[in-house]
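As written in TrEMBL, here are the features:
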DOMAIN    1-384  domain 'Amino acid transporter transmembrane'
TRANSMEM  12-34  transmembrane segment
TRANSMEM  223-244  transmembrane segment
TRANSMEM  264-286  transmembrane segment
TRANSMEM  307-327  transmembrane segment
TRANSMEM  333-352  transmembrane segment
TRANSMEM  364-390  transmembrane segment
Amino acid sequence: MVGAGVLSLPYAMAHLGWGPGIVALVVSWGMTLYTLRLLILMHECVPGVRFDRYRDLGVHALGPRLGLWVVVPQQLIVQVGCDVVYMVTGGNCLQKFFESVCPSCSPRLHGSYWICIFGSSQFLLSQLRDLNSITAISLAAAAMSLSYSTISWAACLARGPVAGVSYAYNKAGTASDGVFRVCSALGQVAFAFAGHGVVLEVQATIPSSATKPSRVPMWKGTVAAYLVTAACYFPVAFVGYWTFGRDVSDNVLVALERPPWLVAAANLMVVVHVVGSYQVYAMPVFESIETILVNKFRVPRGVLLRLVARSTYVAFTLFVAVTFPFFGDLLGFFGGFGFTPTSFFLPCILWLRIKKPPRFSASWFANWGCIVVGVMLMLVSTIGGLRSIIQDASTFQFYS
C-alpha cells in the first residue's frame, strides 16, 4: 500500500496548508478504506462465484459492454500512469543518490539522462515471463518502501525547520495559479491512496468457504495495511512540511542534504522500490498487449513477441517520462484522472448497482456522498494537474 506518492505529500501540504491538508489526508484515508471494504464484500456477492478482477466485478454490475468500457480504461490509465511516474521517480532518485555519494564529481548529467539510465533496467526486467518471476524483486520493493518512508520523516525531524521557514501561503503568481495548484495538490493526495486496482486479485489468493469466507482475513489484512500506511504517510507529510514549509520540493527526499550517507541510502531504496513496482503495474499491460496481438493479429507467441511488445511499451513510458519529468504535476494529473475513479467512487457505484440499498438509508447516503466527493475531486485535480504540467512545460527545455 505504501508507494512513491508518499514523497510528494509534504509538497501537497505546502499548497493546501495545515488545516485543509490534514483534512484532505484524513478524509482520503477514511474514504478509500471504506471503498476497499466495499470491494472486499463484493468479491463473493454471488454465492459460488468469486470476482477475481476489477473488470469481472464491473461486468457483473454494469453489463458486459458498459462494465468493460468503464473499468478497463480506468485500470489502464492507473497502470500506465504509475509506470510513467515511477520512471521519473527512479531517474530523480538515482540522480540524487549519485550526487550524494560523489558531490564533487563533474560534469553532472541532466535529469533526462538519469531517467533513461533507470529505464534501461526496465527493458531487461520486462523480459521476465510473469509476476511470479519477479517475486523477489516485489518483496524487496515492499521492504524498501517502508524503509525510505521512515527515513524521510526521521531525517526531516532530525534536521528541524530550515532557516526562515514559512507556512504562509505563497502569493507568487496570480490567484488562479494558486487555485490550480491546490487542485493539483488534491490529486497528489489521491495518488497516494491507490491499492484498489489489485485488491480483488489479492483476495483471490485467499482460500474461501461457506464457513470461512475470504472477506474475513482479507479485511483484517486490509486494516493492518492501512494502519501501516497511516504510520508512513502522515509523519512524512506533516514532518516534511514542518521542516521545509511552503518551499518544499515535490520530492522531499531530493530536498534533504544531510547526513549524505542516509540521504543516499534512502534514495537508493526508492530506486529499488520503483524498479519492482514498475513491473508489478506493467505485467498486466504486457499480458493484455500480447493477448490482443495473438488473438486478433495471429502473432505467434514466443521470445520475439515478448521482446518487441514489451520493449515498445517500456520505450513509450520512458518517452513520456523524459518529455514530462514533472513528478508533482504527474501525480496530480494521474491521481485525479486515473486513481480517483477506481479508489474513491467506482466501488460505490458498483455497490449501489449490486446491493441496491434502500433509498435514504445510511449506506445509500454514504455511497452517494463518496460518489459526489470523488467526482468533484476527479474533475478539479485532473484540471489542476494538467494545467500545472502545461505551465511547467512552457519554461522547460525538452531533451536538453
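Note that Cβ sites are derived from N, Cα and C of the backbone, with glycine treated the same way.
Note that TrEMBL annotation is computational and uncurated.
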Positions on the same chain near the transmembrane segment (12-34), where near means CB under 8 A and six or more residues out: 167, 169-170, 178, 181-182, 184-186, 188-190, 192-193, 195-196, 222-223, 226, 229-230, 233-234, 237-238, 240-241, 244-248, 343-344, 366, 370, 373-374
Tertiary contacts of the transmembrane segment (307-327), as residues 6+ beyond its ends and Cβ separation under 8 Å: 8, 80, 83-85, 87-89, 91-92, 111-112, 115-116, 119, 122-123, 126-127, 250-251, 282, 285-286, 289-290, 293, 388-389, 392-393, 396, 398-399
Cβ-Cβ under 8 Å with the transmembrane segment (264-286): same-chain residues at least 6 beyond its ends: 3-4, 7, 75-76, 78-80, 82-83, 86-87, 89-90, 93-94, 96-97, 100-101, 118, 121-122, 125-126, 128, 130-131, 134, 137-138, 140-142, 144-145, 147-148, 151-152, 155, 253, 256, 306, 309-310, 313-314, 317
